[in-house]
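Here is the structure we will look at, set down as structure tokens.
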Amino acid sequence: MNFQIAVLLGQDGVTNGAIYALLALSILLVFTVTRILLIPQGEFVTFGALTMAAIQSGKPTALGWLLLALVLIDCALDLRQMWKTGKQAGAMNYGEIKWSAIKIGYTAMLLVLLHSLTLADIPMLAQALLTLALVVPFGPILYRLFFQPIASAHSLVLLIVSIALHVAMVGIGLLLFGPEGARTAPFSDSGFRLGPVMLKSQTLWVILVSIALIVMLFIAFERTLYGKALRATAVNRMGARLMGISPVFAGKVTFAMATFIGALSGILIAPITTLYFDSGFIISLKGFVGAIIGGLASYPIAAIGAVAVGMVEAFSMFWASNYKEIIVFTLIIPFLLWRSLTSRHVEEEE
Amino acid sequence: MMNASELLLDVRQLRVAYGKVEALTGIDLRVPKGQIVTVIGPNGAGKTTLLSAIMGILPSKGEVHFDGRLQPVPEVEKLVGQGLGLVPEKRELFATMSVQDNLELGAFLRYRRGDRHLATTLAEVYSLFPRLFERRHQQAGTLSGGERQMLAIGRALMGKPQLLMLDEPSLGLAPLITREIFRIITDLRRQGVSILLVEQNARAALKVADYAYVLEGGAVAMEGPAAQLADDQRVIEAYLGLASKHQELLAS
Ligand SMILES: Nc1ncnc2c1ncn2[C@@H]1O[C@H](COP(=O)(O)OP(=O)(O)OP(=O)(O)O)[C@@H](O)[C@H]1O
Ligand SMILES: [Mg+2]
């Protein structure tokens, strides 16, 4: 191996590592706030990438119709709930109707946009925004439909539902996007020179956007009251409820963030890797390895661990490409061992 | 004595069961605006259960009217929004977050509704508890027992509640701080905050309260104006006399 190859591998490693770091943070965030291990995190990545690809090829995806269907179910449930509590209280609270109208209106607007624009010709930024506008609402809606009714159930139940949702979403991905892989156009064509090697500009995009997103997440959680409210839910659920921070609200917000991070990651890597309807799982699994290295508790360690996963993956590709995945996933074992040896029983905060 | 229009909290026939065991068997309780109402009773009488049920933490049967509105199924987040605050027995602080963050989160719902005057309330809470100001960057989990109590009360006050429910605010506190807490409770009433106070320290509670309930075995055993109950022979024997006898024993 010479320097040039090392730089190239490093470049791949950092690019993948940055994406894994984003996914690790997202998985961690969802887990601490809602106790849900978000297995479908990877599906948000593929949905983002494949929707972007479909839009670039000028096809309005059927994803919009799926969204409409889920929104309608969601609104029906909310309105029924409103009707039930309203009848008990003897007075209706019509706020739900306004919300339902907004949600349905938003979806209808997206559908109109999808079918009226010549999707292939609009600027790439607009394509990306449209993709996000289409994919991100799935997060809160999926939370509403599948997790909110069982929010206080045992973690194992949550995990089972999470796995079921993952399987269902892979199937739906196949139905919506077909079995072919897709790649999108890079954000910009220019490459640039670093010493003797050419770096791809997409690499820079991935790294810059990831760093920007991580910094934004950090600021949001350390400085804003909404971010603190999510942290508070993670620290003490009952305490948060007594402050009026509803677990439903926290769950929907974290799911929205998770889908946003996932879909954005998908858009970022779609020009570098060919993604298929079922590629999401293995990607998010590597983010998950990073999250485990962080002990499902520490955000910075998880991010660093995820970048390390990306590096190990890239270099093992060079030396032992057949064993690439195995090497990455065996990374977990020393960390689990180390954790179980060093962790003391921490007394429960009363 | 109590005009229905000025009732802030009106609880009727509240029942709570843990599995098959009935913890509350039909409680009627009222808190008028601007008053301190206390609930005293022996351990396991159901006082904490009562507050949890009113707040909507525990499922219950019966009616809870707050601020003139019937709460069909009391919902914590909604009640907090309407101005009901609870300082629970376990305090439920955000242990790994700073004192100041804890306080700011107390005003989360106000912030969410666009109220941006949190700094004023924060300053008021700090002037009420100067100790919290000294410790504002410390993690809540590392505070002393008394400081945690102060933080729990301060955090509840950040939400500007109309009715504050306190579950044993003097639990485990030194006499001097206990007196301070009770002074703050009377101060709060002067500022227009109504208070539902659950206390083991019956003597102090009856002294500051306007009205009192004695809870025994999940039912109201006695009720009346606090001053009247403080002179009642049964109350003196069960809750005041014993305490003083106990103290005499300790002193001798
Ligand atoms: N989660 C629970 N499951 C079963 N029984 C419970 C539960 N919580 C409380 N109880 C029982 O209900 C009764 C009332 O408890 P509660 O905590 O309301 O008493 P309390 O009046 O607050 O007592 P203390 O003064 O000791 O705080 C007790 O007998 C208690 O054992
Ligand atoms: Mg109690």
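Using the three backbone atoms N, Cα and C, a Cβ is placed for every residue, glycine included.
Features of the protein shown, as given by TrEMBL:
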| type | residues | note |
| --- | --- | --- |
| TRANSMEM | A:20-42 | transmembrane segment |
| TRANSMEM | A:62-79 | transmembrane segment |
| TRANSMEM | A:100-118 | transmembrane segment |
| TRANSMEM | A:124-143 | transmembrane segment |
| TRANSMEM | A:155-177 | transmembrane segment |
| TRANSMEM | A:203-221 | transmembrane segment |
| TRANSMEM | A:242-269 | transmembrane segment |
| TRANSMEM | A:301-320 | transmembrane segment |
| TRANSMEM | A:326-342 | transmembrane segment |
Residues of the parent chain within Cβ reach of the transmembrane segment (A:155-177), under 8 Å, 6 or more residues beyond its termini: 34-40, 42-43, 46-47, 50-51, 53-54, 61-63, 66, 142, 146-147, 277-278, 280-281
Tertiary contacts of the transmembrane segment (A:301-320), as residues 6+ beyond its ends and Cβ separation under 8 Å: 1, 5, 9-10, 12-21, 23-25, 28, 214, 286-287, 289-295, 327-328, 331, 335
Candidate ranges A:100-118, A:203-221, A:242-269, A:326-342 - greatest C-beta contact count to the transmembrane segment (A:124-143) (under 8 angstroms): A:242-269
Chain residues outside the transmembrane segment (A:203-221) and at least six past its termini with a C-beta under 8 angstroms from it: 11, 14-15, 18-19, 21-22, 25, 29, 187-188, 192, 227-228, 230-231, 257, 261, 264, 268-269, 272, 303
